[in-house]
Amino acid sequence: NQGLATLAFFGVGVNLVLFLTRVLGQDSAAAANSVSKWTGTVYIFSLLGAFLSDSYWGRYKTCAIFQAVFVVGLVLLSISTTLFLLKPSGCGDEETPCGSHSTFHIVFFYLAIYLVALGNGGYQPNIATFGADQFDEEDPKEGHSKIAFFSYFYLALNLGSLFSNTILGYFEDQGMWALGFWASTASAVGALVLFLIGTPRYRHFEPKGNPLSRFCQVLVASTRKWKVERTQGEENLFEVDNKESAMNGDRKILHTDSFRFLDKAAIITPKDYAKQGKKIYGHNPWRLCTVTQVEEVKCILRLLPIWLCTILFSVVFTQMASLFVEQGAAMKTKISNFNIPAAGMSSFDILSVAAFIFLYRLVLDPVVARIKSKPKGLTELQRMGVGLFIAILAMVAAGVVEVLRLKDAKKDCPKCVNASSLSIFWQVPQYMLIGASEVFMYVGQLEFFNGQAPDGLKSFGSALCMTSISLGNYVSSLLVSIVMRISTRDDMPGWIPGNLNKGHLDRFFFMLAALTTADLVVYIICAKWYKYIKFEGRKGADDNSDDRQAEAAAAAEHRV
């Protein structure tokens, strides 16, 4: 399902920048910004999908509904391209730009691609989490399989995009846009059908309620008790008993000492309870929260610095779908009579992902585990740091290639079609490095945010991965706009003009390398500060919760 859905999505996304320049007539910078904003919107919608999944619909229903929206968007896009945009007939290749279009046709096109963004964005964080739901991480065998699942899930994602980047990318580069979009539509329909066929075999988990209200309850309760003294120890902190926790399907989270102000939300005072025997009944959740609920908020707050540090990696990653393509289109793309589509070079990224997934799982991870004498090698945080470092190397490689391309450039090229005698295969190292960095960063991110998110916020954890990509696209668009505004002068067209031979794209790549280096330093500091979440198992956890609450009630009376 993931492979086919990804094939459909990248059948649209991988060449969208060329579609905007050749069919809609946008210039290079405007097209790159449009693609960045669209891609960013895809991942913003992942927050909506995660919210609906965790709060109301559950992961299965959310996946099914948003995949249906995805199919509708692709159908409308295919109709728009076939009937309205490819005019005159045969336009849309590198030599024959299309004519002007009416406002209605443009609006119809953008409605279609943003329906694609809504459908794919809402579906993506939930399918990864829904797949992880099929494994019981407290079972040693299934827990190990769950770790492997994320690697192979990301591999399926990349293998799906491999077909888009090669076969579909080639046909679209030749101007056969309608064929490419209808093929994407057929793939999305196949993905939805396969997903529904598996319904009887799936494990389903009920949604846990609105996470925003639980988050706000902790903030309100801790604020209302800001004058209450916080004593040492956990005996005066409120928690539900094991039976109630097991009935909800949640694991309790062990108390931590960070963000101690929030602990006041769980302090029991005489106003918070009606005592019957040894238990506490009828508490107001806006005055008294459980330790687990408080720890949920702490988990999110601890994740935010790590999440912020991943955004700049996504800025680097998004160059592959925009400026790498434009750079490739301005290089020598012909071998004999065969023309290599610039977007097709991302196939090397996919091959690199596949190779490094197996290299890491079969070679690197066992070797590091043996050296460290631990069950697994690098932690998720360490892998993400390695991903950032490799991303720096990718940007340096891209900048060096651009320096070499400019040396062999045809300065008077008006449209930058094969504008340099430097072969497009010089781009292979930067694509391979991006692929290697993805394996360490994005697979590590999937595992990290899914594992560190509380049970009721698993889809939100996956959505954090998607949202970092989203903000990375927006930041990329912002950086391009700022760079163009600062670098454009009367006698200078800026770093990223329509004719790349008159610009300095290399300086932009080197600037990203410098920014990512600074980001890596900040990330290392945040990773050293981070404390991993600690769950209490669903079974066999005898923590005498009832006794602790009775003691807490007595302590509250004594303080009064």
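The count begins at 1 with the first shown residue.
Glycine is no exception: its Cβ is also placed from the backbone N, Cα and C atoms.
As written in TrEMBL, here are the features:
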type: SIGNAL; residues: 1-25; note: signal peptide
type: TRANSMEM; residues: 35-52; note: transmembrane segment
type: TRANSMEM; residues: 64-86; note: transmembrane segment
type: TRANSMEM; residues: 106-123; note: transmembrane segment
type: TRANSMEM; residues: 149-171; note: transmembrane segment
type: TRANSMEM; residues: 177-198; note: transmembrane segment
type: TRANSMEM; residues: 303-325; note: transmembrane segment
type: TRANSMEM; residues: 345-364; note: transmembrane segment
type: TRANSMEM; residues: 385-404; note: transmembrane segment
type: TRANSMEM; residues: 424-443; note: transmembrane segment
type: TRANSMEM; residues: 464-488; note: transmembrane segment
type: TRANSMEM; residues: 508-530; note: transmembrane segment
type: REGION; residues: 539-560; note: region 'Disordered'
Query raised in the report: By a Cβ-Cβ criterion of under 8 Å, what residues six or more beyond either terminus of the transmembrane segment (508-530) are in contact with it?
Result: 302, 305-306, 309, 312-313, 315-316, 319, 323, 381-382, 384-385, 388-389, 391-392, 395-396, 398-399, 402, 479-480, 483, 495-496
Query raised in the report: Taking pairs 6 or more apart in sequence, does the count of Cβ pairs under 8 Å between the transmembrane segment (345-364) and the transmembrane segment (149-171) hit 3 or more?
Result: yes
Query - Spatial neighbours of the transmembrane segment (149-171) far in sequence, C-beta under 8 Å, 6+ residues away - result: 2-11, 14-15, 128, 131-132, 135, 179-180, 183-184, 341, 343-344, 346-347, 349-351, 353-354, 357, 360-361, 438-439, 442-443, 446-447, 450
Report task. Could you pull out which residues elsewhere in the chain have a CB under 8 Å from any CB of the transmembrane segment (106-123), counting only those six or more residues past its ends? Result -> 5, 9, 12, 16, 24, 38, 41-46, 48-49, 52, 62-63, 65-74, 76-77, 79-81, 84-85, 466
**Report entry** Stretch among 35-52, 385-404, 424-443, 464-488 sharing the most Cβ pairs under 8 Å with the transmembrane segment (303-325)
**Finding:** 464-488
Report task. Using a Cβ cut-off of under 8 Å, list the residues of the same chain at least 6 residues beyond the transmembrane segment (464-488) that approach it. Result -> 29, 32-33, 36-37, 39-44, 46-47, 121, 124-125, 303, 307, 310-319, 322, 442, 445-446, 449, 453, 494-496, 504, 508, 511-512
